[in-house]
Every structure is written in C-alpha cells, then in structure tokens.
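According to Swiss-Prot, the protein has these features:
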ACT_SITE  88  active site, proton acceptor
BINDING   9, 10, 11, 12, 13, 14, 15, 16, 87, 88, 89, 90  ATP binding site
BINDING   145, 147, 182, 185  Zn(2+) binding site
C-alpha cells in the first residue's frame with residue numbers, strides 16, 4: 001500500500017542526497033521514478049536536483065500552478081510510475097499536497113517529499129504545514145549545529161554575515177545565505193534570549 005512521506009530537516013542535512021539515493025534504489029530494480037523540484041530553485045541549474053556531495057539528476061519542474069495529480073495520472077497511464085519524489089517540497093501549495101495524497105490514495109503510487117520544515121523566521125512553509133498534517137510518515141533528517149547539538153533552525157545571513165529576522169520568506173540561496181543552527185544559537189544570533197535574572 002502506497003504512502004505519503006515527508007522527510008524534513010534544516011538546511012544541509014542531506015535531503016537531496018537521500019532523495020537521489022531513494023530514486024536510484026527504485027531504478028536499480030527496474031522501476032520508474034519521477035523526480036520533481038521547485039521551478040524557483042535554480043541554484044544548480046533549472047530542472048536539476050543536486051546534492052552537496054556531487055550527486056545530481058534531471059527533474060521535472062513544479063510551480064504554484066502545476067496540477068500534480070493531472071500530470072502524474074497522465075504519466076502513469078502512458079507508462080506506470082513506481083515512485084514520485086519531490087525535492088524542495090516546502091514550496092508546494094495546500095492544493096498540491098492534497099493532490100499528492102490523491103496520487104497515493106487513488107493511483108497507489110508512493111510519494112516521497114523532501115524539504116525544509118521552517119523558514120528563517122521559524123514559521124512553517126505552506127507545503128511543510130500540510131505535509132506535517134497529512135503525510136502518512138514523518139521522518140526527520142538530522143544535521144548538526146556548530147556547537148554539536150542537533151540543528152533544527154535556519155538562520156538567514158545578510159551580505160556581512162549577520163543574522164536577519166525580516167524579509168521575504170523565499171530568497172533562494174545556499175551556504176552563503178543560510179546556516180543551520182540549534183534553537184539556542186538561533187535565539188542568541190537574533191537577540192531573542194531572555195535576560196538571566198540575578
């Protein structure tokens with residue numbers, strides 16, 4: 001029975017690496033996968049899922065207007081699809097997450113979504129919000145803060161390397177713009193810590 005999976009983490013936890021490995025595992029068994037990535041994420045080229053360790057794969061693009069169920073139903077009728085993998089799933093809309101649940105429930109195709117849970121302000125992305133609510137399986141991929149604790153927050157950095165807490169939710173960037181940290185160091189960087197009482 002197919003399920004909807006949400007693999008989430010802060011940045012640089014190996015989400016794209018895990019996605020590419022999962023796709024390879026299916027393909028190695030002669031199964032067909034379809035890999036998607038967000039149209040707005042062009043850090044490594046358009047229509048490419050790329051990992052920091054050098055793995056990459058061509059990918060179909062989605063944007064806010066893409067009807068994923070319609071596209072996948074058509075693909076599946078043409079040639080059966082064994083697994084759908086979505087990179088940068090935080091950029092999905094509520095309707096697209098609903099459509100992916102229909103791909104699982106009506107077409108019986110497993111859907112594996114990989115993305116960030118929260119933005120640099122600590123707020124959920126739309127796609128992450130609905131995946132946390134509707135996914136059958138939630139899997140946290142872990143990365144490490146500079147202090148050694150689990151990093152579960154993302155800091156956005158300005159051109160001088162200072163943490164910022166204001167601005168557009170989506171600004172595409174890599175290690176020059178974002179760093180994953182633990183909650184304690186997130187609060188320290190943004191000046192959100194409580195003063196110790198004497």
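Positions of Cβ are set from backbone N, Cα and C atoms, glycine also.
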Please report how many Å separate the Cα atom of residue 9 (ATP binding site) from that of residue 185 (Zn(2+) binding site), as a whole number. 17
Which one is it: of the recorded positions 13, 15, 88, 89, whose Cα lies the shortest distance from the Cα of residue 185 (Zn(2+) binding site)? 13
Distance from residue 13 (ATP binding site) back to residue 182 (Zn(2+) binding site), taken between C-alpha atoms, in Å: 13
Helix, strand or coil at the residue listed as 'active site, proton acceptor', per DSSP? coil
Compute the C-alpha separation of residue 87 (ATP binding site) from residue 147 (Zn(2+) binding site), stating it in Å without decimals. 28
For residue 88 (active site, proton acceptor), the closest of the binding-site residues by C-alpha position, picking from 11, 13, 145, 147, is 11
